[in-house]
Amino acid sequence: MNSKIKPDIIIYGGPGSGKSTQAELLVKKLHAEHMNMGELLRDAVSRKRAGWQDVKKYMDKGGLVPERITSQLVHNFVAKAPKHRQIVFDGYPRRLLQIKLLRKVQDKFKRQAIMVLVDLPNKVAKERLISRAKIEGRLDDANPKTVVARIKVFQERAKEVTGYYRQQKSLIKINGDQLVEKVARDIWEMVSAL
């Protein structure tokens, strides 16, 4: 990795792992750019940008937004990010194809990335999601069968995603079964040493 520029950081974890919370905390601590795919998609829909009308259709159906759309959003975000500031990726990449598309964008803009895996046992993830549904009223977490299915889908995808970064020697694994503050400290200890 380029020693002058710190690598971008991908916060990755399954449902209920606290990855978005950790991404937000890290963005504040690093004064980094925050690339949150969900927010980018919602913004594209709300602005009614030309050519982005289909995004709302995919989101309304709960389907996956096509790679051509998400990769364009990522490209635009990275292109606008100041070169001297790190980017914390939240909610992207989630699949091997997205990793390859992100890698092309990073190569174009001479950026590198590491992945921080917020690791959480399935049982704890299920408990957190069901509890979150009760507290926050999140419908996607209210049905235990849906929760189990979401965790299973994540586990299936996680093998190839984390495998890629492990092979690149760019994977940091953090125990997510701790207090939010402890997880944040563990992440900070690892990324500040880069």
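Heads up, the Cβ atoms here are built off N, Cα and C, so glycines get one too.
According to TrEMBL, the feature region 'NMP' maps to residues 36-65, out of the candidate ranges 36-65, 96-125. Per TrEMBL, the ATP site holds Gly16, Ser17, Gly18, Lys19, Ser20, Thr21, Gln178; the candidate it also names there, chosen from Arg68, Arg85, Arg132, is Arg132. Between the CA atoms of Ser20 (ATP binding site) and Gly91 (AMP binding site) there is a gap of 8 Å, rounded to the nearest whole number. Ser17 (ATP binding site) falls outside any helix or strand according to DSSP and counts as coil. Here the binding residues for ATP are Gly16, Ser17, Gly18, Lys19, Ser20, Thr21, Arg132, Gln178. Their largest Cα to Cα distance works out to 16 Å. Contacts of Thr21 (ATP binding site) defined by a Cβ separation under 8 A and a same-chain sequence distance of 6+ are given as Val180, in order along the sequence.
Cα separation, Arg150 (AMP binding site) to Ser17 (ATP binding site), rounded: 12 Å. Closest to Arg132 (ATP binding site) by Cα-Cα distance, out of the binding-site residues Arg42, Gly91, Gln98, is Gly91.
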